[in-house]
Amino acid sequence: MAEIAHEKEQTFLITTARPTRRQVQLAVWMLASLVVALLITMPFARTPLENTEIFLPAYASAILVNELFTAALLVAIYAVQRSAAILVLAAGYLFTGLLVVPWAMSFPGVFNALGFDMGLQSTAMIAVMRRIGFPLCVIAYVLLKDEDAAGKLETGPVQMRIVGMVFGVTAFVGVATWLIVLGDDLLPGFMEDTRNVTPLWSYVPAVSVTLYVTGIVLLWRQRRSVLDLWLMVVLATLCIEIVLLSYVSGGIRLSIGWWAGRICGLISASMVLVVLLSETAMLYGRLARALAQERRIRDARLSEMEALSASIAHEVNQPVASMATNANAGLRWLEREYPEAHETKAALTRIVRDGHRAGDIIRGVRSMFNRDSQVRVPTSINDLIAEVVERHRAEMRQSHVALDLQFKADMPVVTVNRIQIEQAVANLVTNAIDAMRSISERERRLSIVTGLGDEFTVLVSVADRGAGVTPAHAGEIFKPFYTTKPDGMGMGLMFCRSAVESHGGNLWVEQNKPCGAVFRFTLPCSIEVAPQYLRDAG
C-alpha cells in the first residue's frame with residue numbers, strides 16, 4: 001500500500017508526471033514557430049545593428065533572473081523528491097545563470113565607461129563554458145534518472161546538500177571567471193576583433209550542437225515526464241540559437257541574426273521556469289480539489305456509518321423493546337391475586353426468544369469481520385447457488401435478465417457457514433442485475449458457472465454483460481465504502497470478500513469478454529472429499 005501511495009504522489013510531480021497530449025502539441029508548435037522565425041531571419045541575419053550594446057545589460061539581467069528562479073524551483077522539487085538528478089539539473093541552471101554576469105560585464109563596449117576591460121577573449125571563453133556546461137548537466141540528469149528509477153534516492157540532510165551545491169557552483173564560477181580574466185592572453189583565439197570570430201570558433205558550435213542533440217536523444221529514450229519534454233524543447237531551442245549565432249549570422253556580433261539568437265536564448269532560459277510556475281499553480285489546484293473531495297468522502301463515510309449504526313440499533317431495539325413489554329406483562333400476571341403461571345411462562349418464553357434474536361443480529365454483524373469459524377456444515381455449492389437464484393428470479397424477470405446456469409455435476413462439498421456464503425452469492429447476483437439495468441443495446445444475461453479450481457477448491461463465476469469494471473476500479477471496489485453506484489454504501493463487496501476469505505477462499509474480478517465483468521471466488525473442498533477431487537481433476 002505504501003508503494004501505491006508513493007506512486008500516486010509521484011503523479012503530482014512535474015519530474016515524473018507524463019506529459020499530456022496538449023502539452024506535446026504546444027511543444028511542437030513552439031519549436032515550429034522558432035524554426036519559422038529562423039527561416040525569416042536568414043536573409044537579413046548578417047545585417048549589423050549599430051549601438052545595440054545598451055540592450056545587453058537588460059538581456060543579461062533577464063537571463064540571470066529566469067535561470068536563478070528556475071534553479072530555485074528545481075531545488076524546492078529536490079527537497080521533496082530527493083533526486084540527485086534534479087539537484088544536478090538545478091546546478092546546471094545556477095551555473096549558466098551566474099556565468100551570464102561576467103559574460104555581460106566583459107562584453108566589449110558595454111561597461112567600458114566604468115573601466116571594465118577584461119580582454120578580447122574573455123567574453124567568448126565564458127560563452128564556451130555556458131554552451132558546454134548546461135548540456136553536460138542535462139546529460140548527467142538523464143543518466144542519474146536511472147538510479148532514481150531503481151529506488152536509489154538520497155537520504156540524509158537535504159539542506160546540507162543544497163547548500164553544498166550552491167556554494168560549489170558559485171565558487172567554481174568565481175574562480176573560473178578570475179582565471180579567465182587574469183589569463184586572457186593565454187586563452188584560445190576565438191575572436192578576431194570585438195565583432196568577428198576566428199575559424200577556431202567553428203569548433204564551439206559543432207561541439208555544442210553535438211551535446212544538445214545527445215541530450216535530446218537521451219531524453220527521448222527515457223520514460224518522458226513533463227520536465228523531460230520541455231528540456232528537449234530547451235535543447236532544441238539552444239540548437240536554433242547556436243545556428244543563428246554561429247552559422248546564419250556568420251558569428252558577427254550585434255547583427256540581426258545574432259540578436260535573433262539571443263532572443264532564442266532568452267526563450268530557452270524562460271521555458272522551464274514558465275512550465276514550473278504553471279505546473280505549480282495547477283498542482284495547487286489539484287491538491288485543493290483532492291483535499292475537498294477527501295473531506296466530502298470522509299463526511300459521506302461518517303454519514304454512512306451513522307446510517308449503518310442506526311440500522312443495527314433499530315434491529316436490536318425491536319427485540320429489546322419486545323423483551324421489556326413481555327417482562328412487564330409477566331410481572332402483571334404474577335401480581336394478580338391469583339397469578340397466571342401459564343401466561344407468565346409464555347411471556348418468559350417470548351423474552352428468551354427475543355434475547356436470542358438480538359444476539360443473532362449482533363453475531364451476524366460481527367461474523368463478517370471475524371475470521372474465526374462459526375457454525376459450518378458440509379454444503380453442496382450447486383444447491384446453495386440454486387436456492388439464492390430462486391429467491392432472485394422475480395427480480396430478474398422484472399429487469400429482463402436471462403439466466404444461464406452451468407453447474408458441474410458431482411461437485412465436491414464445501415464446509416461453510418451457509419448464511420454467510422448465501423449472502424455473498426446473493427450480493428454478487430444483485431450487483432450483476434444492477435449492472436445490466438441500463439443496458440439496452442444487447443442481451444442482458446447473467447451467467448453462473450461452477451467447476452473445480454486449483455489446490456482442492458471449487459470455483460464459482462458470476463458474469464454479467466453490463467458496463468464492466470475498469471482496471472482503475474478493479475483494485476478499489478473491494479474496499480469498504482468504495483462504490484460506483486449513486487445510492488450504494490460500498491459495503492457489499494467488502495462483506496463478500498470478507499466472508500469468502502474467512503473460509504480460506506479468494507474473490508476477484510476480471511473483464512468479461514466481450515463486455516461486462518465476471519466475479520470469481522474459490523472455496524476449499526471438505527477434507528474428506530479430497531481424494532474424490534483428485535480423481536475428478538485428473
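From the backbone N, Cα and C atoms, a Cβ is placed for every residue, glycine too.
Keep in mind it's a predicted model, so treat the numbers as computed, not measured.
Annotation source TrEMBL lists domain 'Histidine kinase' at 311-527.
Per TrEMBL, transmembrane segment is recorded for 26-45 (among others). Sequence-distant contacts of the transmembrane segment (26-45) (same chain, six or more residues past either end, CB-CB distance under 8 Å): 19, 229-230, 232-233, 236-237, 240, 243-244, 248-250, 255-258, 260, 264, 267.
Per TrEMBL, transmembrane segment is recorded for 57-77 (among others). Among residues of the same chain six or more beyond the transmembrane segment (57-77), those with a C-beta under 8 A of the stretch's C-beta atoms are 13-15, 83, 86-87, 89-91, 93-94, 96-98, 100-101, 103-104, 110, 162, 165, 262, 265-266, 269-270, 272-273, 276-277, 280.
The annotation transmembrane segment is assigned in TrEMBL to 84-104 (among others).
The transmembrane segment annotation in TrEMBL covers 124-143 (among others). Outside the transmembrane segment (124-143) by six or more residues, the chain places 85-86, 88-89, 91-93, 95-96, 99-100, 102-103, 106, 176-177, 180, 187-188, 190-191, 197, 201, 204-205, 207-208, 211-212, 214-215, 218-219, 222, 231, 235, 238, 242 with a CB less than 8 A from a CB of the stretch.
Within the chain, the transmembrane segment (163-181) has long-range Cβ neighbours (under 8 A, six or more residues past its boundaries) at 75, 87, 90-91, 94-95, 98-99, 102, 106, 118-119, 122, 125-126, 129, 187. According to TrEMBL, the feature transmembrane segment maps to 163-181 (among others).
Residues of the same chain lying 6 or more positions beyond the ends of the transmembrane segment (201-220) and with a Cβ under 8 Å from any Cβ of it are 124, 127-128, 131-132, 135-136, 138-139, 142-143, 190-191, 228, 231-232, 235-236, 238-239, 242-243, 245-247, 251. TrEMBL lists 201-220 (among others) with the feature transmembrane segment.
Residues annotated as transmembrane segment in TrEMBL: 227-250 (among others). Here the transmembrane segment (227-250) has long-range neighbours at 14-15, 19, 23-24, 27, 30-31, 34-35, 38, 41-42, 45-46, 89, 131, 134-135, 138, 141, 197, 201-202, 204-205, 208-209, 212-213, 215-216, 219-220, 256-258, 260-262, 264-265, 267-268, 271-272, 275, meaning same-chain residues at least 6 beyond its ends whose C-beta is under 8 angstroms from one of its own.
Residues of the same chain lying 6 or more positions beyond the ends of the transmembrane segment (256-277) and with a Cβ under 8 Å from any Cβ of it are 14, 34, 37-38, 41-42, 44-47, 49, 52, 59, 62-63, 66-67, 69-70, 73-74, 93, 96-97, 226-227, 230-231, 233-234, 237-238, 240-245, 248-250. Here TrEMBL flags 256-277 (among others) as transmembrane segment.
Model confidence over the domain 'Histidine kinase' (311-527) stands at 79, taken as the mean pLDDT rounded to a whole number. For the transmembrane segment (84-104), the residues of the chain that approach it from at least six positions outside its boundaries are 15, 56-57, 59-60, 63-64, 66-68, 70-71, 74-75, 77-78, 110-111, 118, 122-123, 126-127, 129-130, 133-134, 136-138, 140-145, 147-148, 154, 161-162, 165-166, 168-170, 172-173, 177, 180-181, 231, 269, 272, judged by C-beta separation under 8 angstroms.
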